[in-house]
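Annotated features in Swiss-Prot:
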ACT_SITE  Glu267  active site, proton donor
ACT_SITE  Glu465  active site, proton acceptor
BINDING   Asp135, His175, Asp183, Lys380, His385, Thr427, Asn466, Ala467, Arg499  substrate binding site
TRANSIT   1-38  transit peptide
Amino acid sequence: MMSLNLAHQTGAAAAVAPAAPRTAVVAAAAGTVSAPAVAPAAAPSLQLQTQTVDPAAPAQGPDLPMAFQALVESLPEEQHPDVGGEERRKVGVPVYVMMPLDTVRKDGNGLNRRKAVEASLKALKSAGAEGIMVDVWWGIAECEGPGRYNFTGYMELMEMAKKNGLKVQAVMSFHQCGGNVGDSVTIPLPKWVLEEMDKDQDLAYTDRSGRRNYEYLSLGADAMPVLKGRTPVQCYGDFMRAFRDHFAAFMGNTIVEIQVGMGPAGELRYPSYPESNGTWRFPGIGEFQCYDRYMLSSLKAAAEAVGKPEWGNAGPGDSGGYNDWPEDSPFFRREGGWNTPYGEFFMSWYSQMLLEHGERILSAASGVYTGTPGVKISVKVAGIHWHYGTRSHAAELTAGYYNTRHHDGYQPIARMLARHGAVLNFTCVEMRNHEQPQDAQCRPEELVQQVAAAARESGVGLAGENALPRYDETAHDQIVTTAAEKAEEERMVAFTYLRMGPDLFQPDNWRRFAAFVKRMTESGVRDVCREQVEREAQGVAHATGSLVHEAAVALSN
C-alpha cells in the first residue's frame, strides 16, 4: 500500500478533468499535523469592553413574578446551581438552549431585544435548563480590523446568564451566518477578511464549475499568511485567546464549554450542500469543494507522492451535481468510482485534509484553553443522514466524511477529538427513519448509532442537538430515548435544544419543553412517571405564564 504525503504546498494547478481511474492500490492518508501550542497571554482588565491586540505579536433584570419567585424558592437545595463553579454530579443529561442567531447586535455593542433575552433566560431557568448556547461571531467581534476585538454585547449576555444561574456554551463561529438550514439573518465574515478574499478568490472554497463559497475560508490556506500577515489558524487562535482573556472571570463557572467552529454552520465539514441562491436542495448529494488553487496544489502533491500524477489534476469528473442522486453519477453509483483505487485515493486525501484542518484548529484551541478549569472544548459534526442507506453514502463523501459501506468515516474524527479531550457534538438526534423520504434512503437513527459507537470506542464524550426546530412530543421522545434512556456510560454528556424563539414560548410548546427538560435531567430517567412530569410541567407553565408571554411577544418583534 502506498502512503500519501499530504503536506501543504502552494502554487496553482489546472482544474481539468482527471484521467480515468487506474488499477492501483492506494493507502490511507498520512498522519495529522499539529500546530504548536502557544503560551497564554496575561488577562487584561475586565473593565475594558473593547480590546485591541497586535496581530504581529506572538499568538497568545427585572424582578421575577411572584409565582415564579415562589417556584424557585421551593426548589430543593440540590437543584440550585453552584454559580461558584463546583458542579454537582447529575445522573441525567443537562439541557442547553440555543440563543437566536442575532442575539448580539451587528455592531457588537449590545444585545438585540434585551428585555426579551432577560425574560427568556429567567423562563429557561425556571424550566430546569442548564444553560444557553450562543454564537460568538467572528464577523461581529473582530469586524473592524485585525486584532480589534469588541465583546461588549457578549459581556452583557454573560453577565445576564450568570445573574440567572445559567451556564454558557460559547461557539467560536468563524463562519458566515446565512446560506444554511435555519439561517434567518446574515452575518458575513469580517470585512477585512472579505477584502483579502476579494483579492485572492482562491481563499474561498470552490466547486468544479468555479463557483466560490464565502461561508468559510478554504482549509487549503490554513497555513498560509494570507490575512494581513497571519494565517487563518493564527487568526482563529488569537480570537480564542482574546475571548478567554476578556471573559477570564466567567471561565469555568458561567462559560463551561467552548465549541470551536471548523467549517460552514460551525461544523467540521466542507460546504458541499449550500442552500444559498437555491444551489442545493435536500436530498441532493452535493459537490466536492476542492478546486481552489491551494487545495489543488495539495492534491497534485499527494498524487505525485503515490506515483499517480494523473490523479492530481482535479477531483472526480463524473461525480454529478448538487441536486443529483447517487445513481445519477458514475462515481457514486452502486459499484462506481468511489470503490476503485482512484476513488480510495481521492477520498483518503479529501477526508484527510479535513481531519488535518480539525487537528490544527484543535491544537490552537487546546493551547488556549488547556489549564482553564471547568471548560470543555467541543467540535460539531454534521448529521448527513440522506443516502446513508446506499453503499457510497454520497452526501457524506462530498462533505468530507469518508463513510461508506466499507469504510468508517467517524472513527478517525473521534480519535482526533480524543487526542485533545474534546467532546463530539452531533446533530439530527431528534429524527426517526420513517419521518424521512424513504426513496432517499435516509437513516438518521443508524447514523446516530454509528457516531455514538465511534465516540464510545474512542473514549470521547458525545453531545447532541436537534437538526431542525421541533416542539412535539414525538421528537422529544426520540431525543430522550437516544440521549438519556441509556446506561450511564452511554448517555450523552449534554444536549442543546434548537432554538429559542417565539415558537418555543407558545403555551403548549413551552409546557411540552418543560416536561422534556425534566425527563432529560431527572435521576433514573426511565423511572420517571410521565403523569407526574406532565403535572410538574403544567405547574412551571402556569408559574411562568406572564414571563413566557413577554418573551414570546418581544422575540416576535
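Just so you know, glycine gets a Cβ as well, placed from its N, Cα and C.
Swiss-Prot feature annotations superimposed on the structure.
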| residue | record | DSSP (3 states) |
| --- | --- | --- |
| Asp135 | substrate binding site | strand |
| Glu267 | active site, proton donor | strand |
| His385 | substrate binding site | coil |
| Glu465 | active site, proton acceptor | strand |
| Arg499 | substrate binding site | coil |
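Neighbour counts of Cβ atoms within 10 Å were compared for the binding-site residues His385, Arg499, and the top value is held by His385. Cα separation, Asn466 (substrate binding site) to Glu267 (active site, proton donor), rounded: 14 Å. Sequence-distant neighbours of Glu267 (active site, proton donor) (same chain, 6+ residues apart, CB-CB distance under 8 A): Gly261, Lys380, Val381, Ala382, Thr427. Every protein chain shown contributes to the tally, and the Cβ of Asn466 (substrate binding site) ends up with 22 other Cβ atoms within 10 Å.
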